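As given in Swiss-Prot:
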DOMAIN    101-174  domain 'PRC barrel'
Amino acid sequence: MAESNDWLSVGKIVAVQGLLGELRVNPASDFPERFTVPGPRWLRSRQGGEPSEIQLKKGRQLPGKSLFVVRFEGVDNRSAAETLVGMELLVPADDRPELAEGEFHLLDLVGLKARLTADGPAIGTVSDLISGGNDLLEITTSDGRKLLIPFVEAIVPEVKLKAGWLLLTPPPGLLEL
């Protein structure tokens with residue numbers, strides 16, 4: 001049985017698109033080929049469990065949106081597609097595109113400590129990523145609050161993966177929301 005860390009979540013199926021079995025995927029990956037290049041992918045239900053393999057037939061990004069529309073083999077109508085809504089789209093954890101120096105995979109940010117100064121204490125830990133118009137980091141503080149921080153260079157100017165932390169320079173009031 002495969003462990004959960006054997007898999008990399010690249011998106012979540014959020015809705016059906018049309019009548020022919022197409023599905024909308026909210027990506028958790030900066031690599032569009034995860035949703036456009038045919039080949040094997042895996043699905044895992046909301047309850048967890050063992051992922052099941054499915055073949056991606058084709059995909060495209062919706063113009064002006066971060067969502068992708070995908071077609072899977074054997075999913076040819078709306079009813080079949082509706083059974084997949086809410087599932088996580090996975091690839092094997094070792095299926096990671098090569099990155100240039102200084103680049104990183106967004107999912108590698110989960111678990112990093114968030115600091116306000118390079119040598120200061122952590123104010124919390126990155127607990128999730130939320131994809132949308134702009135990516136958001138969900139940071140869970142030591143008292144259990146959840147902060148949503150825009151993942152933009154002006155607010156997150158440094159990411160130190162090997163050291164296990166990132167630097168925040170939030171505008172006044174952002175941490176109080």
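From the backbone N, Cα and C atoms, a Cβ is placed for every residue, glycine too.
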Would you report the average pLDDT that the model assigns to the domain 'PRC barrel' (101-174)?
89
Run through the domain 'PRC barrel' (101-174) and tell me, per DSSP, how many residues are helix, strand and coil.
5 helix, 29 strand, 40 coil
